[in-house]
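I have placed the structure first, in the form of structure tokens, so that the comments after it can refer back to it.
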Amino acid sequence: MDLTVLLVKGGIILAIFGISLLIATYSTYAERKVAAFLQDRLGPNRAGPWGLLQPIADAGKLFFKEDFIPSQASKSLFILGPCLAMLTALMSSAVIPFGDSIRFVWDKVNYEVNVQGIEINIGVLYIFGVVSLGVYGVMVGGWASNNKFSLLGAIRAASQNISYEIALGLSLIAILMMSGSLSLRAIIDEQASFFEWNIFTQPLGFVIFLTCSFAECNRTPFDLPECETELVGGYHTEYSSMKLGLYLFSEYINMFVSSAFVSALYFGGFHYPFINEVNAALEKSMGAIAGHNVATVIGIAVFFSKIFFFIFFFMWVRWTLPRFRYDQLMNLGWKTFIPLAILNVVITGAGLLYNFKYATWLIAIVMIVLAVMSTARAPKREAIPQRTV
Amino acid sequence: MQLTTRSKQVSNKEMTLAEKMYLPAVISGLAITISHFFRKKPTIQYPEVKRYLGPIYRGHHILKRDEQGRERCTACGLCAVACPAEAISMVAAERKKGEENLYREEKYAAVYEINMLRCIFCGLCEEACPKQAVYLRHDLMVPVFLERDEVIYGKDRLVENMDDRYIRVANPEVNATPTEPSLTRAAT
């Protein structure tokens, strides 16, 4: 790799870093705004036009608060916790391909640089590794606080993440079988035409993956590690000032990365319907280099609109579903999602054997038929005698 | 006794497979919340938009004058007695010759003070007044004060201005639409 490519790559990496921070910042604003709109309110609208400066006001507040470390806490680990959470959250966006590639000519040499932090052929594994490291931030912080509620929150986070990572991984295996690669770019390129998007070939896997990514991000309905009603603040009970800010921030970055991951794996990443026609037309009218770059920019915009939709979806679900009870959470993870994911893998494998990509619809159809049958057979809702006044 | 028409009979029968899948219920829940997203918000943006609070709102105190511009208050002290917060104090004085156009009766309040920190805006002074002199106006609020010496309102801030008389009228038009500065006189 020569210096020009290195410089451009560095620029792209810095841009991805900055954008993920910016999106995380404005996710806090979006969260409050979306929450407000879903509850028939207006949300923050005092700081700047439409309240757009609200995240800056929030950050300023957090910075000026007292940075308190409990006397009985393990100091170094207490500080390490939020750093670890933030570090792992930021690391995971490195391998996500945000766009196709940029072409340019420098010193009469043609260059083509991927819009991606780094292209590695085990991108999916890398994200899995980094995300599972993220639990340590929560665990270390919760344990170091020397507080029962924090510890309970940390334990819940650890067991929840481990349980759901299995189902998450198994639902992904079906995709890996179909694309035959662990590279995210290869998986995205596999979904070039609209009806080959993995959402159409892997509907069940998508539902499992999405639900598990909610659990991985500690978002409602799986926000048991930090549920206020049971555990005060969960693992960050003892945290204040910007350390708390880092925890909250890393949660939003995780949300961004999960949204990017979901849209890359199941919604074709930077692909959109008729992308080939658009690209051909652009390259014809604007030349191979400029046309390709414009096409890439359109692709990036499409990818980000998918990401924003999923961030919105995360918030939408938050104000729709109530929190699970802990045993329900574990039952759902171990007794429902893991068997379903394994079934999904088996059916996908069988489908691949006979060259039929849409085999997992079989599971969906069987489930729908069973559901309809069970509803039809169900006895009429019998009224329980209630107290009469 | 039925308290509401929206109550539903709950049943603890075993769930069918369709219900155990939860997905239909989740989707219908999502549909409900997204319908709220696009709904018109009932919020009134307070400092910019002020709502008409009705003709019986108890706001800023006013010492009324009569039609000829004479002060109605005779410093009888009934308002001060009625006041549960002991916010009102006054000093009575005798009307001199030549002051008949200023005060309606022979006795008047030389000093009339209301401590706005104490006042709870209950309106008992208004009810107690035998001369219809003191009222809590519906269209003006006591502003926020920042200094302690701004708290006690004397006659200079309480007595009615004859150029801008206070009339309590119900205005159904204003009631229907929250208007811009509806708490000013113009809107009522």
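Placement of Cβ uses the backbone N, Cα and C atoms for every residue, glycine included.
Curation does not apply to TrEMBL; its annotations are automatic.
The stretch that TrEMBL tags with transmembrane segment, taken from the ranges B:21-38, B:75-92, B:111-128, is B:21-38. In terms of C-alpha distance, the listed binding-site residues B:C83, B:C122, B:C125 place B:C125 closest to B:C73 ([4Fe-4S] cluster 1 binding site). Counting other Cβ atoms within 10 Å of each Cβ, the lowest count among the binding-site residues B:C76, B:C119, B:C125 belongs to B:C76. Taking the mean position of the Cβ atoms of B:C73, B:C76, B:C79, B:C129 as the [4Fe-4S] cluster 1 site, the remaining residues of that chain whose Cβ falls within 8 Å of it are B:T74, B:A75, B:G77, B:L78, B:A109, B:C125, B:A128, B:P130, B:K131, B:A133, B:V134. Apart from the site residues B:C83, B:C119, B:C122, B:C125, the chain places the Cβ of B:C79, B:A82, B:P84, B:A85, B:A87, B:I88, B:I114, B:I120, B:F121, B:G123, B:L124 no farther than 8 Å from the centroid of the site's Cβ atoms, the recorded [4Fe-4S] cluster 2 location.
The helix, strand and coil residue counts that DSSP assigns across the domain '4Fe-4S ferredoxin-type' (B:110-139) are 5 helix, 9 strand, 16 coil. For the pair formed by B:C122 ([4Fe-4S] cluster 2 binding site) and B:C79 ([4Fe-4S] cluster 1 binding site), distance between Cα atoms is given as 12 Å, rounded to the nearest Å. With the fewest other C-beta atoms within 10 Å around its C-beta, B:C122 stands out among the binding-site residues B:C73, B:C79, B:C83, B:C122, B:C129. In terms of DSSP secondary structure, the domain '4Fe-4S ferredoxin-type' (B:64-93) contains 5 helix, 8 strand, 17 coil.
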